[in-house]
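Here is what Swiss-Prot records for this protein:
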- Tyr13: site 'Important for substrate specificity' (SITE)
- Asp70: active site, proton acceptor (ACT_SITE)
- Gln71: site 'Important for substrate specificity' (SITE)
- Glu153: site 'Important for substrate specificity' (SITE)
Amino acid sequence: MMPRLILASTSAYRRQLLSRLQLEFDTGRPEVDEQPQSGEAPSALASRLAAEKAAAVAVRLPGAWVIGSDQVADLDGQALGKPGTRAQAQAQLTAMSGRTVRFHTAVSLIGPERELHALDLTEVQLRALTPAEIERYLDAEPALDCAGSFKCEGLGISLFDAIRSQDPTALVGLPLIALARLLREAGFHLP
C-alpha cells in the first residue's frame, strides 16, 4: 500500500500539475509567513518556503508524505512577489520588458523521519513590451496571483522570447521532474 500523499497547497495550478503523476493525493492549506528574511536570496527564500509549507502540513498529519513548493521570481537578484494589484503588475511587466527573469522553484517532500528537497532554475527572456501590449495582456489575463505578473500556461507565453529550463513544469509552480525523482527516492511507485 502506498503511503498517504498530501500537497501542501491550495493552488489549482499545482494540483493540476501533481495529478499528471497519477498518484492519489489530498491537499492541505499551509499556514506560513511568506515574507523574506533580511538579505535572503531569492533561491534561499523559495527553498525555505517550500520546506516550511510542507512542514506546516506534515505536523498535522503524522505518517503522511507532504509536498511543499514555492516559486520566487527575481530580476537582477531582486525578488519579485505576486503583484496583487494591476498597478503593481504593470510595474513588474514594464521592469521585465526586454530582460531575463529568473524563476527559482523549490520543492520539498517531508515524510516519516525524512526530508527531501530540490530546486529548479528557469530563465525567461521577455521580449520588449510596449505599454499598450502590457495593458492588452492585463485586460485579457490579469495574473495578479502569479510571480512575475504572467501565466506562462496561458496568454502570458506571448510575452516571451525564450525559456531556458530543465523542467518546463517548474515555471507553472511545481517542478515535476525533480518531484518525481524525490517521490521515487521516498518509495513511491512511478515509471
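Counting begins at 1 with the first residue displayed.
Each Cβ is built from the backbone N, Cα and C atoms, and glycine gets one as well.
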Which residue among the recorded positions Asp70, Glu153 has the fewest other Cβ atoms within 10 Å of its Cβ, if you could check? Glu153
Whole-number Å only: compute the distance from the Cα of Tyr13 (site 'Important for substrate specificity') to the Cα of Glu153 (site 'Important for substrate specificity'). 9
Local backbone state of Glu153 (site 'Important for substrate specificity'), from DSSP in three classes: coil
Distance between Glu153 (site 'Important for substrate specificity') and Gln71 (site 'Important for substrate specificity') at the Cα atoms, whole Å? 15
Within a 10 Å radius around the Cβ, which one of these recorded sites has the most neighbouring Cβ atoms: Tyr13, Gln71? Gln71
